[in-house]
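Down below is the structure, laid out as structure tokens.
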Amino acid sequence: ESEGGLYVCMNTFLGFGREHIERHYRKTGQCVYLHLKRHVIEKVPGASGGALPKRRNAKLFLDLETNSDLNNDDFEYEDEAKLVIFPDHYEILLPNIEELPALVTIACDALLSAKSPYRKQDPDSWEEELQASKHAKTLVQLDNGVRIPPSGWKCSKCDLRENLWLNLTDGSVLCGKWFFDGSGGNGHAMEHYKETGYPLAVKLGTITPDGADVYSFDEEEPVLDPHIAKHLAHFGIDMLQMQVTENGLRDNDIKPRVSEWEVIQEAGVKLKPMYGPGYTGMKNLGNSCYLNAVMQAIFSIPEFQRAYVGNLPRIFDYSPLDPTQDFNTQMAKLGHGLLSGQYSKPPMKSELIEQVMKEEHKPQHNGISPRMFKAFISKGHPEFSSNRQQDAQEFFLHLINLVERNPVGSENPSDVFRFLVEERTQCCQSRKVRYTERVDYIMQLPVAMEAATNKDELIAYELKRREAEAARRPPPELVRAKIPFSACLQAFSEPNNVEDFWSSALQAKSAGVKTSRFASFPEYLVVQIKKFTFGLDWIPKKLDVSIDMPDFLDINHLRARGLQPGEEELPDIAPPIIIPDDPKGIYYFSPDSLLYFLVALDIDESSVMQLAEMGFPLEACRKAVYYTGNLGAEVAFNWIIAHMEEPDFAEPLVIPAFGEVASSGAAVFGAVGLDNQPPEEMVAIIISMGFQRNLAIQALKATNNNLERALEWIFSHPELEEESEPTLDMMDMENNANANILAETGSEGPRIKDGSGRYELFGFISHMGTSTMSGHYVCHLKKEGRWVIYNDLRVCASERPPKDLGYIYFYHRIPS
């Protein structure tokens with residue numbers, strides 16, 4: 001954000017504010033910049049009732065990086081563009097065909113007409129961006145006594161029960177035909193408009209607390225209705241009681257009167273807005289509430305505040321030429337926006353008086369819009385880069401992964417979440433055991449439905465619900481299962497069966513069980529309630545339960561104890577490898593079942609065949625191509641020459657002690673025989689490109705031994721190339737960076753902050769809806785002794801924090 005406009009380098013097309021442009025010029029020597037400045041013309045009511053223009057400067061990206069809504073009838077824009085030549089700041093007003101060379105003119109025109117990077121990132125969502133209907137503000141609704149029931153709708157002319165539209169003027173329910181969703185019908189809604197001229201209709205079954213699908217017959221396109229709640233209430237429809245269905249039938253997805261939407265958002269309670277540092281809201285960019293909720297929780301933690309906001313000047317000073325592609329810069333920028341208080345200021349008293357006099361309420365221009373942060377952090381991710389709703393728990397792990405891979409300073413703030421899990425696997429027949437350790441960041445707590453304390457009420461409710469569904473009546477008031485927290489904790493500590501367990505004591509498959517305990521306790525404990533599961537029909541569903549989560553938690557009894565007296569360890573014997581006739585993959589070792597599995601691997605078969613034609617064994621050729629990262633037959637040939645004398649030269653490609661085990665969404669390494677060093681072949685490839693050995697090892701560790709990502713990591717950290725080897729060694733020990741890494745058996749091991757297992761609750765994220773792919777997320781945080789609700793842009797003091805309905809809980813350790 002800048003009062004002086006935006007300076008765009010005509011060579012790199014990077015944008016800078018006035019305060020940073022001099023630094024960029026000195027650093028790069030680029031001297032030609034396009035200067036863009038936007039003026040906002042505010043219409044001031046004149047004496048005759050008209051509008052007089054009032055010009056004022058607009059801050060840079062006001063409508064992108066803050067929540068100011070200047071896209072309404074009260075404002076107009078006037079843009080100004082100049083070409084600025086450094087170091088003399090010589091300005092040429094654009095357009096200027098006479099003085100400028102044709103190439104410069106073409107470049108300027110192309111830049112001025114280019115799409116925003118945000119539009120390029122997700123073109124589909126921008127192409128479908130809806131505009132407010134011109135009829136919404138002045139829509140006349142007939143007082144004809146029509147009330148719309150919550151279910152059982154049908155077209156009043158043809159009895160069709162699908163694709164039904166409610167006319168917002170007279171309350172007619174009619175079928176559609178030629179609408180934007182492509183669904184069928186007999187066109188009675190359109191015929192009704194032609195007869196009456198009533199312009200707006202809402203599709204029944206799409207009404208949710210977040211809005212509805214509205215179509216304007218007059219404007220011939222889907223539109224937004226900013227007053228949709230008022231227009232629906234005229235016909236007796238409460239938006240908080242509605243959720244998406246096709247035919248209006250109420251089922252498990254429908255929000256009854258005691259809905260989680262109302263309880264979690266504290267609807268019906270007058271909440272006091274909060275302003276100042278740490279009380280800044282975040283704009284919902286379209287299903288980005290999962291990101292908003294997680295980032296509010298993250299930046300309430302002092303370690304993250306110090307790492308990014310406390311180091312903001314240093315991060316900005318050492319940011320790369322393109323700060324939009326730097327994780328630490330984007331984190332520091334977002335943290336500053338949330339914690340500075342600059343974007344969370346109470347309204348002036350004069351503004352409040354004006355609103356009362358005019359009997360209207362204008363939303364305050366507070367909060368930030370994390371467009372650039374979301375664009376960067378989701379880049380390349382198939383889910384987070386979309387405009388769909390996502391799982392907050394998966395995003396949390398994705399964020400931790402990025403924090404691990406982009407260290408800032410000597411201490412990684414994600415260390416506060418990391419803890420070690422001891423897994424005890426026992427052969428049920430021989431009674432022998434094996435102990436392993438892995439790293440985790442989230443404690444996943446199962447929901448013990450069988451321990452519900454109100455089973456009789458649940459049975460009675462289910463009978464009434466089915467009767468109401470059969471009779472097409474509104475459902476009864478919801479009865480939510482009440483689960484004791486102690487039962488969930490007990491379920492977490494109970495043994496689980498291990499599928500396809502291979503016992504090294506029996507040298508055969510056997511029954512096995514596994515129990516998990518804490519080998520260390522983290523500074524901040526994140527607890528996820530496993531509410532999402534699959535039904536018998538494999539349809540995902542959410543368990544609508546109430547769990548009495550404690551404010552103070554003691555899990556010291558879950559501390560791991562290691563090998564106990566009298567226990568006998570399973571022999572460290574590898575299971576037999578069954579090689580298929582035509583192996584075209586790589587063998588992965590599962591530490592749970594102790595079996596090898598063949599997994600398809602992308603190996604350049606053309607390079608393999610070139611080497612095989614030279615007379616080398618086929619399996620040796622496959623290993624050579626794999627270990628050299630598919631860089632071609634010539635590089636693989638050098639690997640073969642260097643490894644020809646090894647005894648396993650012609651053996652199949654096998655990577656022992658590696659597996660993928662489901663553990664709070666993170667891929668993990670087994671602890672059996674795991675070498676802490678990256679493959680020497682990959683290290684050699686990077687060294688051959690001119691990089692230092694320590695830098696090559698650090699890059700491979702930071703990217704989970706992915707050669708391509710390691711090279712990208714090196715190029716994105718150019719400052720490390722200039723550092724001395726001792727410094728690199730220290731960073732190598734400190735930055736074991738990848739959130740998916742497991743406990744290594746090397747001497748270093750993962751960095752943990754062990755301590756007492758006593759915790760206090762300071763925040764929780766709640767989910768409303770039936771699936772992680774839909775619904776809405778809200779965050780509650782305890783600040784200065786009181787609970788605060790963060791509902792996107794809305795930040796208020798919480799009156800009734802719904803601690804029993806949370807999805808992810810945040811606890812901090814109580815000092816001993």
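Cβ coordinates are placed from backbone N, Cα and C, and glycine is handled just like the others.
Where the annotation comes from TrEMBL, it is an automatic prediction and has not been curated.
Now, the feature entries from TrEMBL:
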DOMAIN    131-239  domain 'UBP-type'
BINDING   Cys155, Cys158, Cys175, His188  Zn(2+) binding site
DOMAIN    280-814  domain 'USP'
ACT_SITE  Cys289  active site, nucleophile
ACT_SITE  His776  active site, proton acceptor
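All features noted in TrEMBL, drawn onto the structure.
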residue : record                       : Cβ within 10 Å
Cys155  : Zn(2+) binding site          : 21
Cys158  : Zn(2+) binding site          : 13
Cys175  : Zn(2+) binding site          : 25
His188  : Zn(2+) binding site          : 21
Cys289  : active site, nucleophile     : 26
His776  : active site, proton acceptor : 23
Model confidence over the domain 'UBP-type' (131-239), averaged pLDDT: 83
Residue from Cys155, His188, His776 whose C-alpha is spatially nearest that of Cys289 (active site, nucleophile), among the recorded positions: His776
Number of helical, extended and coil residues in the domain 'UBP-type' (131-239), per DSSP: 16 helix, 21 strand, 72 coil
Cα-to-Cα gap, His188 (Zn(2+) binding site) vs His776 (active site, proton acceptor), nearest whole Å: 34
Distance [Cα-Cα, Å, rounded] between Cys175 (Zn(2+) binding site) and the residue listed as 'active site, proton acceptor': 30
Distance [Cα-Cα, Å, rounded] between Cys155 (Zn(2+) binding site) and the residue listed as 'active site, proton acceptor': 31
Nearest-integer angstrom distance between the alpha carbons (Cα) of His776 (active site, proton acceptor) and Cys158 (Zn(2+) binding site): 36
